[in-house]
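In what follows, a structure is listed as structure tokens, so that the remarks can point back to it.
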């Protein structure tokens with residue numbers, strides 16, 4: 001047995017339901033457009049009452065059951081769901097500049113070029129300073145090398161001088177140990193009058209004898225004080241000569257002593273020159 005079909009709805013009921021769905025959709029679109037265009041204005045309230053031709057007809061439950069499900073479904077689906085209003089996004093804030101205006105690209109590029117120019121200038125000045133220091137160090141090195149070479153030359157010269165000095169000092173004979181040139185001899189400090197009195201006293205008691213024998217002691221007695229004075233003079237001259245001429249030998253000093261002639265007084269006019277040897281090794285000419 002086939003189910004009985006529902007009776008077809010009345011045409012007036014179909015048109016009224018479609019008009020109601022269109023009105024609801026139109027109100028929703030208008031409200032959304034007003035909300036987006038004027039967010040601060042309050043949303044207009046829907047009218048409390050609708051015109052009689054817009055109001056849906058109230059039908060009995062029997063009539064509602066007889067509505068075509070296709071029409072009722074399209075009316076329900078045609079109305080979009082109402083979404084809650086979304087808050088409007090706040091405008092983006094500009095970056096914080098802390099009281100300074102943001103620099104443009106051209107100004108920043110100019111500042112970069114100026115900084116690069118200053119850096120190049122500092123680099124060039126530092127390089128020039130380093131080059132000057134290198135030149136100064138090279139000059140000091142050359143001067144040090146010259147002083148080093150001169151030092152070696154002076155050392156060789158000093159060694160040569162020391163060698164020659166040692167060779168020259170080896171030729172000078174050493175003084176005897178009993179002679180001190182810095183202090184005079186004590187036995188030769190007697191004055192000339194004392195020597196004359198001593199000679200006169202020794203000549204008084206001489207015995208008489210032949211002429212040649214008497215003349216010889218008188219000559220020896222007269223030569224005695226002169227020999228002492230001459231020996232003293234020769235010792236002094238020898239000391240001065242050794243200090244002034246360290247490179248000369250004893251022969252030179254002997255020749256100088258032989259060139260000096262002894263002093264003679266009235267009693268020694270006819271005396272002959274005699275040579276005798278002193279204890280100190282120096283030749284004596286009388």
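Cβ atoms here come from the backbone N, Cα and C positions, even for glycine.
Straight from Swiss-Prot, the features:
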type: COMPBIAS; residues: 1-10; note: compositional bias 'Pro residues'
type: COMPBIAS; residues: 26-40; note: compositional bias 'Low complexity'
type: COMPBIAS; residues: 41-54; note: compositional bias 'Pro residues'
type: COMPBIAS; residues: 55-67; note: compositional bias 'Polar residues'
type: COMPBIAS; residues: 81-92; note: compositional bias 'Pro residues'
type: COMPBIAS; residues: 108-118; note: compositional bias 'Low complexity'
type: COMPBIAS; residues: 198-222; note: compositional bias 'Low complexity'
type: DOMAIN; residues: 102-165; note: domain 'bZIP'
type: REGION; residues: 1-120; note: region 'Disordered'
type: REGION; residues: 103-126; note: region 'Basic motif'
type: REGION; residues: 130-161; note: region 'Leucine-zipper'
type: REGION; residues: 197-286; note: region 'Disordered'
Margin query: Which residues of the chain, 6 or more past the ends of the region 'Basic motif' (103-126), have a CB below 8 A from one of its CBs?
Written below: none
Margin query: Please list the DSSP helix, strand and coil residue counts for the region 'Basic motif' (103-126).
Written below: 22 helix, 0 strand, 2 coil
Notebook entry, point to check: Which residue counts does DSSP give the domain 'bZIP' (102-165) for helix, strand and coil?
Noted result: 61 helix, 0 strand, 3 coil
Item checked: Stretch-averaged pLDDT - the region 'Leucine-zipper' (130-161) -> 94
